[in-house]
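See below for the structure under consideration.
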Amino acid sequence: MKFEDLLLEIGGFGRFQILILFILCLPRINLPMHFLLHNFLAATPSHHCAIPRQEAFVNLTVEEVLLISIPREPDGTFRSCEMFSRPQFQLLLNSSLQPENDSVIQPCQHGWVYDHLQFTSTISTQWDLVCERRGLNQATATFFFIGVTMGAVVFGYLSDRFGRKAMLLLSLLCSVVFGMLSAASVSYSMLAITRTLTGVALSGVSLIVLPLGMEWVDVQHRTLAGILTSIFWSVGNMLLAMVAYLVREWHWLLVAVTGPCLLSIVCLWWVPESARWLIANGKVKQAHRHLLRCARMNGRKDFAEDVPLIMYAQRVVLQWEYKKPGESYSYISLFRTPVLRKISLCSGAVWFGVAFSYYGMSMNLTGFGLNMYLSQFVFGIIEIPAKMIMYVLVNRVGRRQCQAWALILTGLCIGANVIIPKPFTSLRSVVAIMGKGFSEAAFTTVFLYTSELYPTVLRQNGMGYTSFVARLGGALAPLVFLLDDVWRSLPEVTYCGVAVCCGSVAFLLPETLHVRLPEGIEDIE
């Protein structure tokens, strides 16, 4: 008897599964509030060089002081990173006569003055992460995703070794501790370290939540469960916009997005360990207890009540004989056999492209003509219909086609906005929102698709490996924005090219529509 058959006997999608999925959605809401927090945590408001007070300025207005102290851009705005080495009083007579001699222009010497109308404080204003230090500002997101990358490797292995639930609880506890330490940071170095460690901890949440829920759901409802779980990521997106709008001070913003992890820790008490994992690791008694609990809650009270436990063990454990005594699996196992090797290489490329383009769009809230809070909220809303459409398509068209075309269309939308002129803000916004919808559709599909590609004994290792590759993409995405110094459109062209190429790789993966979850490597090969 396969485990899928056991699920059908106890109710593959009843009250028990719905309760588990709902509880696991709580930490899912919290993930985007940290993963996309950089948009508000490190936002850079309008700024200009600080001008020291001089006696010659006594009778001048603030506007006149700026006029004679700071050069202007061609569009008439004051430059953010340069000032005149000495006051240009002749500009008071004719402000259009900007000095042609660059020798009178120098970098800011006395710090910066920031516009606090939108933000009370951000890490940019706290530690002057602007101009030549702009790279450190973008690096904050990279540090976080480096942590997520490391966490994907660590928790992928640990959850296969010590269980899904225990490692989920550990990752939530660590998220609270390091999240609060980030809020208490007194230096940039402390913030960089604690945000990296927060990324490590949250990676466990991201990695474990979906498989833990999926391993309790039957084949027929697997797609529905995956889509419903992912909707709560979009809810978190919208909540981030509202929380950031209400909390404009970066310390308290970190506290506000970290606090909900405590609720998830409390609710996790009602979530059982994965019966699949327990059986695979020989813990039949515990698995039997959880399966009975599931059967009772789903109204299947007669399940196995009159069957001795030893008979049950024989029926089930023999189906896991592929896991021979003393045999262990690691990330190397993903590349030992031909079919698994191909799956691992191709799925890694797809995950990189999905994460790279998704975070490239998500961290460019001001580039499409909308208010950044509205952009964040709209980007969250558009994800929900995208998920609903994908729920229909992945069951009709299949996982592979949906994965490939969603990612390719994401790249094409990003590329279209390179061509559309800046004044066409409405059109650019529509194309960007469409691209964000395709991007989320690709992300939704890749989680479901990957969890179906790998066998149970390697599923968490497989998810850990692909998550590792994805976080590399997430870590590189913010740094690509620095390429605008070379060519203003180079970041968008890069996102476009990577998305189209990686989307094409998805055509090389096998289809998993209506296929049972593989249990051993032999099922894959």
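Glycine is treated like the rest: Cβ placed from N, Cα and C.
What you see is a predicted model, and the numbers here were worked out from it, not measured in a lab.
Features as listed in TrEMBL:
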type	residues	note
DOMAIN	87-513	domain 'Major facilitator superfamily (MFS) profile'
TRANSMEM	139-159	transmembrane segment
TRANSMEM	166-186	transmembrane segment
TRANSMEM	192-212	transmembrane segment
TRANSMEM	224-246	transmembrane segment
TRANSMEM	252-271	transmembrane segment
TRANSMEM	343-361	transmembrane segment
TRANSMEM	373-393	transmembrane segment
TRANSMEM	405-424	transmembrane segment
With pairs fewer than 6 apart in sequence excluded, do the transmembrane segment (405-424) and the transmembrane segment (166-186) have three or more C-beta pairs that lie under 8 Å?
no
Any contact, the transmembrane segment (405-424) to the transmembrane segment (224-246), with at least 3 Cβ pairs under 8 A
no
At an 8 Å Cβ cut-off, counting only pairs 6 or more apart in sequence, do the transmembrane segment (373-393) and the transmembrane segment (192-212) clear the bar of 3 or more pairs?
no
In this predicted model, what is the average pLDDT of the domain 'Major facilitator superfamily (MFS) profile' (87-513)?
85
